[in-house]
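A.B. asks: Encoded as structure tokens, here's the structure I'll be asking about.
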Amino acid sequence: MDSLALAVALPLLAALLATVWPARATLLGLLGALATAAAALMVITEVWEHGQLSTALGGWDIPLGIALAADGLSAALLAMTALVGLAISLYAAAYFDGRQAMHFWPLWLLLWTALNGLFLAGDLFNLYVTLELLGLSAVALGALGGDRAAVAASLRYLLVSLLGSISYLLGVVLLYTAHGSLDLARVAAALQPGPVAAAAMTLMIGGLTMKAALFPLHFWLPPAHASAPAPVSAALSALVVKAAVYLILRLWLDLFAPLVTTGAAMLLGGLGAAAVIWGSWRALHAERLKLLAAYSTVAQIGYLFLFPPLFQATPPGPGRDDLLAALVLMILTHGFAKSALFLAVGVIQKRSGHDRIAELGGTAQRLPATTFTLGLAGIALIGLPPSGSFTGKWLLLNGAFASGQWGWILVILTGTLMTAAYVFRVLSRAFNLEPTPPGFVTDARTELPALLLAAIAAIGLGLAAAPLWPLLGGGEDGT
Amino acid sequence: MTELLFGGAGILLFAMGLWSFLVHEPLLRKLIAFNVMGSGVFHILVAISERGALRPDPVPHALVLTGIVVAVSATALALALDRRLDDEDPDG
Amino acid sequence: MNRTPSLVVALLVAPLALVLLWAFHEALTQPSGARLADLAETSLSRTGVGNPVTAVLLSYRGYDTMLELGVLLAALLGIWSLGRVSPGFHPPELALTAMVAWVVPLLILTAGYLLWAGAERPGGAFQGGALLGAAGVILRLTGERRLGLPSERAQRRLAIAGIGAFLAVGLGTAAAGLGFLAYPESWSKWLILLIETATTLAVGMTLAAAYPGGPPGPAGNERDAP
Amino acid sequence: MTLDTLLPAAIVFSSLVPGLLIFLVAEESHRLRILLNLSGALVKLLFVAIMIWGVYHDHNYESRLTLAPGLDLVLQADALSVLFVTLSTLLWLVTTVYAIGYLEQTPNRSRFFGFFSLCVSSTVGIALAGNLFTFLVFYEILTLTTYPLVAHRGTPESIRGARIYLIYTLSGGVLLLTGTVWLHALAGPVTFTQGGMLGAVPTEQHGTLIAIFVLLLGGLGVKAALVPLHGWLPESMVAPAPVSALLHAVAVVKAGAFGILRVVYDVYGIELADALGLLTLLGALASATILYGSLRALAQDGLKKRLAYSTVSQVSYIALGASILGPVATVGGVVHLVHQGIMKITLFFCAGNYAETLGIHRVSQMDGVGRRMPWTTLAFSVGALGMIGLPPIAGFVSKWYLGLGAVTAEAEWVLVVLGLSTLLNAGYFLPILYRAWFRPAPEAWPEEHIPPGRLETMGTLLWPPVITAGLCLIAGLLAEAPFSPLEWTELIARREYGL
Amino acid sequence: MAVLILVFDLILVATLLGLALAALTSREPSRAATLFIAFGIWLSLVWARLQAPDLALAEAAIGAGFGGALMLAAARRTAHRATRGRGDEETEPDEAHPP
């Protein structure tokens, strides 16, 4: 049962080694990435067999000690983090030169530790510490770009992240004051509707929506994700933002499920809808590829927040399991697609020196593999078949029709068309009168990880999504 | 009774800090505001752990210690980022 | 800074404060009893340390403290990655330079005491580490360009000493089949002391290095104003 | 995993796998690319032959992949799907040969043939789809894979044409998605069952069913080029000739028409559709398109533009056939799916030959081309006369059955539409033939790329139109032979109406 | 006796809140930093009253001590940069950091 602890300890160990031997940071980083992916795989197979896992750390049972817990939801996100992390590591090994690599690898592995720690945490205060570790390492990585815009954007991201964390912490303190325990399951058992629970929920979910960049609080994301180096932006957009969304989902399902009023759910849904429209609109008008990708993240996060109102309206049962599986499917697909998009943009930027969409023509023509990755990632972002988000959007629409909430359907359709507009605005640049490139792949070490991620998002998750339902424990307890 | 008094003070500190964080522009003031908010939350933890004659509840104390270290490291990083911004173009 | 936004924000924050006060009051009335206090007290004897706070920090919630040291390391790595920094420009006061001669050794001595006392009486690794860091800061204020910090290699090793010790012990106990960070009862006092010592050194070095900012490399030997 | 469950998937993969491999083939290794292309086409033809034999003997094939509980990707073979699969496989082989010749020395051929094969895979997927969800999946993939082909040349006009194509088809896709999900939410998984599967829906839901039909028709109408939604077809004539030939005469346009047939026959069922008044709506739209398309074709001087508008009008014959109650009209409509395909592809091949060999793009430049390129113009004439509906070419058969079906269903107004459109067809095809055969040739052709040698143009450009013209004649003359398109359509109608 | 403790507690809390308010509202950076350090030390005093000696030590050493030192250094740097950069600018350099 130690695989849970290993999934956190291994990346941490690799981070420490990379700090001590900066000269061999890249090698240690790659080995660490492989080891972490293997540990994550172990956890996933165990969850696939036994359903839920939990170990008390330090030999002390809850409530005194801290428990690591893994169920279907955390296993799915752990798997995504492992795969995306592996691809980002391979890409970064070729992307960064000596000096930057020295700084990148320890921080990247710390980020990975925080992610694994967060997905497996079962203790509310431990979640606070992992959130802080995640925030700080993400900010430090974001500032790696070195230019003024990157540092300013990272600073603003840090401030927003701190505000979110402290608000989350106050919520935890209120819960501890009232129920005397920090473990998620115990607090959930003791929680009854009342001012304490409502205040704690508002503080915690409010803080986390700040870190998940939900619509009005998204201003910090585009500059931060657009100015960071490509592998870092990929990690930020695909993994870090998702951790906050995961946490909101975890608190929603496990802790505050009985308390959530339809009003609160509608509010989140409304903000999500606004995010979809606003994010897509800004992405349509972005001049730079990375800004386009960052605004696309804001829009795609909006989609994820369309689920709460539908959750409220569907009674527990197969309908709700479909919705949960659709939500997880969209989180995973966006994770793979967005990281592939940012990695591909990184190749373009490195090769042509800029990522301005207007002058993209030449490079897009000369890099067929990267343009193909952009195409596949675009398909997954729009939600066209056979991508995972197509199935996700299908189930979301199905839920909306079944529960009679027509408003969301309009939002999803406009969002899909606007996403198609800004994706094909980029792809149409790939067809011009430049000379034909000799081969399909120009630089394997950076283009192949991106292509693999895009393929998983656009084809793999679409066709092979069926195991998600039993993994999420559809049917019995519906968590 | 003392729990409510000191806990209430903690919440007031949090609120004042939040107000200052949202209102004031310069980074230094935002960081002070953040630290005051943090201290407020930690103060609530210390307040609820006080049990009069008995030894206080050690778990919140450990949380506060961890919190202080986390707050300081975040402040250090924020100031380092700001310093890097100043060095970029010295006349600000 | 015109007045209107600060008033508007105040009008928003005030009701929030009231709601929080009301919620806090409600929380206090909830029958959570002594929360985790009694449980922590009763199992204190099995942790091998007398000071309950150190027991929670190092034994009950050791994993939390390990990750918290990770946060400290992340901050330090972030500061190091920001590159060379222009040194501050303010001349050291005369009294300060005179004071350094006895304050720094005293700080180091107290740090050692706090570390040792932490097991039984109030004190502990972080407080000790803070004092070591304070010694470094004072040296920095009196113009010692490299804060008495060792070479880059040593700084990198020290930075990960605390979290490294935690991880080594954790993986060791896991390998021994006891579970991650589950100290065997007979050894737990010495294991905790080992981790605490490493943490003190790590925290001290990290705080000292974080103060001036800039990469860990030798900052040249020019002796300028701090 | 017996043959029954593997064959449909094998047919889709037989062009998908070579397609993906072609992407990786280096630009200058032509032989490998041609080998991959042709081997894929032949293997697919073999599989289709096996399937025809199986379906004829009432053998059912089904490949099923569960994407989510209640959401299955199903490929199955019934009579209607086999008809469309045979049509697209056969014409894909011919068009590949044509494209190899047409794109000699042009850039980006690996990319072209890669997407070309993916296109056919999606068309075959549409044909073999067992439920509306699978149909929608391949329908959207078809949009994605055709976009790069329309924009292939890279000139500003082709990018503009591709963008317009995309706007229409993606909006249509969204409409179809909404309709399908709504139907799925209402009546559960929508599998294609002969005679329709919506009989059980309670009467008070019929209002919703009509609304859903309008959405579905909107989505399918874009690709079937029904009147208000046909704008993209003339615009995407900027694509290279093989693309116009296979995609805008066979694959894409027929996908829309095929979808309408599926929805009317296998989702709603002909009786329910008639009861809800959907057939009159469909019939009105189809007739409007037929007349509008022919009228616009009259005024087009660009040869490909004229053929494009002719396609707009011809495809609606299929919709017209579906909108008339009764097996005879169904036979007329469905068989036109095949006949129009082979006739229109011949015309586009010939248009491509004229452009490639003599640089002729406009009808006004067609004077005396019959003497310079006799074989191509002969094929063009067969195709054109077939379009007008002259016996013994295939076009006559489908118009005959349509008319007969209209009479048996007492829908005399259809005869008027057929008559009028035949006149209009003659109006815009005969002048071309007159110019080509009876007007003296100009001194110099606009751009004579290929000098007159033993053959009037390159072999790979000449044989495809001649072969397809031959097919038109055979389909017309040997209509009654077993395994002919007409015979097979009568088999479909019998099974559809349960006779 | 209890009333005396209550009065003592009230004084403690009042001073704590006063110091916090002063630190938050003072416009001049060095003044704010110094007040923040005072607030930190006072807070450790309050925690000592609440029988949390470990935390009092930690807050004094790390929170007020080290955090304060960082703030002071930053405050002096901004003040220094303000005078060197723009003489006429109001005391606070308005960095472009929207919240």
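Cβ from N, Cα, C; glycine included.
TrEMBL: automatically predicted annotations, no manual curation.
Heads up, here are the entries from TrEMBL:
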TRANSMEM  A:64-92  transmembrane segment
TRANSMEM  A:104-121  transmembrane segment
DOMAIN    A:121-419  domain 'NADH:quinone oxidoreductase/Mrp antiporter transmembrane'
TRANSMEM  A:127-145  transmembrane segment
TRANSMEM  A:157-176  transmembrane segment
TRANSMEM  A:196-221  transmembrane segment
TRANSMEM  A:228-249  transmembrane segment
TRANSMEM  A:255-279  transmembrane segment
TRANSMEM  A:291-311  transmembrane segment
TRANSMEM  A:323-348  transmembrane segment
TRANSMEM  A:369-386  transmembrane segment
TRANSMEM  A:406-427  transmembrane segment
TRANSMEM  A:448-469  transmembrane segment
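Could you give the neighbours, burial and distances for every feature on this list?
C.D. replies: Beyond its flanks by at least six residues, the transmembrane segment (A:64-92) meets 4-5, 7-8, 29-30, 33-34, 36-37, 40-41, 43-44, 46-48, 51-58, 101, 104-105, 108, 112, 115-116, 119-123, 126, 183-185, 230-231, 234-235, 238-239, 242-243, 246, 249-250, 253, 328, 331-332, 335-336, 339-340, 343, 346, 445-446, 448-450, 452-453, 456, 468, 471-473, 479 of its own chain at Cβ-Cβ distances under 8 Å.
Among residues of the same chain six or more beyond the transmembrane segment (A:127-145), those with a C-beta under 8 A of the stretch's C-beta atoms are 100, 103-104, 107-108, 110-111, 113-115, 117-118, 121, 151, 153-155, 157-158, 161-162, 164-165, 168-169, 172, 211, 224, 227-229, 232, 235-236, 240, 243-244, 247.
Residues 124-125, 127-128, 131-132, 135-136, 138-139, 142, 182, 187, 191, 196, 199-204, 206-211, 217, 220-221, 224, 244 of the same chain, all 6+ positions outside the transmembrane segment (A:157-176), place their C-beta atoms under 8 angstroms from a C-beta of that stretch.
With a cut-off of 8 Å between Cβ atoms, the residues of this chain six or more beyond the transmembrane segment (A:196-221) that come close are 131, 135, 153, 156-157, 160-161, 163-168, 170-172, 174-175, 177-178, 241, 244-245, 247-248, 251-252, 255-256, 259-260, 264, 268, 271-272, 274-275, 278-279, 294, 297-298, 301-302, 305.
Here the transmembrane segment (A:291-311) has long-range neighbours at 212-215, 218, 221-226, 233, 237, 241, 245, 252, 260, 262, 264-266, 268-269, 271-280, 282-283, 320, 323-324, 326-327, 330-331, 334, 338, 341-342, 345, 357, 381, 393, 396, 399-400, 403, 405, 408, 411-412, 415, 418-419, 422, 426, meaning same-chain residues at least 6 beyond its ends whose C-beta is under 8 angstroms from one of its own.
Same-chain residues lying 6+ beyond the ends of the transmembrane segment (A:323-348) with a Cβ under 8 Å from its Cβ atoms: 73, 76-77, 80, 83-84, 87-88, 91, 95, 225, 229-231, 233-235, 237-239, 242, 245-246, 249, 253, 289-290, 293, 296-297, 300, 303-304, 307, 310-311, 314, 355, 360, 363-364, 367, 370, 373-374, 376-378, 380-381, 387-389, 391-396, 399, 443, 446-447, 449-451, 453-454, 456-458, 461, 465, 468-469, 472, 474, 478.
If you look at the transmembrane segment (A:369-386), the same-chain residues 6 or more away from its ends with a CB under 8 A from one of its CBs are 296, 300, 333-334, 336-338, 340-341, 343-345, 347-348, 392-393, 416, 419-420, 423-424, 426-427, 430, 440-442, 447-448, 450-451, 453-455, 457-459, 461-463.
Listed as Cβ neighbours of the transmembrane segment (A:406-427) (distance under 8 Å, sequence separation of 6 or more from its ends, same chain) are residues 269, 273, 276-277, 280-281, 283-284, 286, 289, 292, 296, 299, 302-303, 306, 309-310, 357, 360, 371, 374-375, 378-379, 381-384, 393, 396-397, 400.
Tertiary proximity for the transmembrane segment (A:448-469) is limited to same-chain residues at least six positions away from its ends with a CB under 8 Å from its CB atoms, namely 48, 76, 83-84, 86-88, 90-91, 321, 325, 328-329, 332-337, 339-341, 343-344, 347, 369-370, 372-374, 376-377, 379-380, 385-391, 441.
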A.B. asks: Could you pull out which residues elsewhere in the chain have a CB under 8 Å from any CB of the transmembrane segment (A:104-121), counting only those six or more residues past its ends?
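C.D. replies: For the transmembrane segment (A:104-121), the sequence-distant neighbours (Cβ-Cβ under 8 Å, at least 6 residues beyond its ends) are 4, 7-8, 11-12, 14-16, 18-19, 25-26, 28-29, 32-33, 36, 40, 43, 66, 68-70, 74, 77-78, 81, 85, 88-89, 92, 96, 127, 130-131, 133-134, 137-138, 140-141, 144, 229, 231-232, 235, 239-240, 243, 246-247.
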A.B. asks: Who are the chain neighbours of the transmembrane segment (A:255-279) in space, where the CB to CB distance is under 8 Å and they lie at least 6 residues beyond its ends?
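C.D. replies: Contacts of the transmembrane segment (A:255-279) (Cβ under 8 Å, skipping residues fewer than 6 from its ends): 184, 187-188, 191, 193, 197-198, 201, 205, 209, 214-216, 218, 295-306, 308-313, 407-408, 411-412, 414-415, 418.
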A.B. asks: Sequence-remote contacts (6 or more beyond its ends) of the transmembrane segment (A:228-249), Cβ cut-off under 8 Å?
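C.D. replies: Same-chain residues near the transmembrane segment (A:228-249) but 6 or more away: 73-74, 77, 80-81, 84-85, 88, 91-92, 95-96, 100, 104, 108, 111, 114-115, 118-119, 127, 131, 134, 138, 141-142, 144-145, 150, 153-154, 164, 205, 208-209, 211-213, 221, 290, 293-294, 297, 301, 304, 327, 331, 334-336, 338-340, 342-343, 345-347, 349-350.
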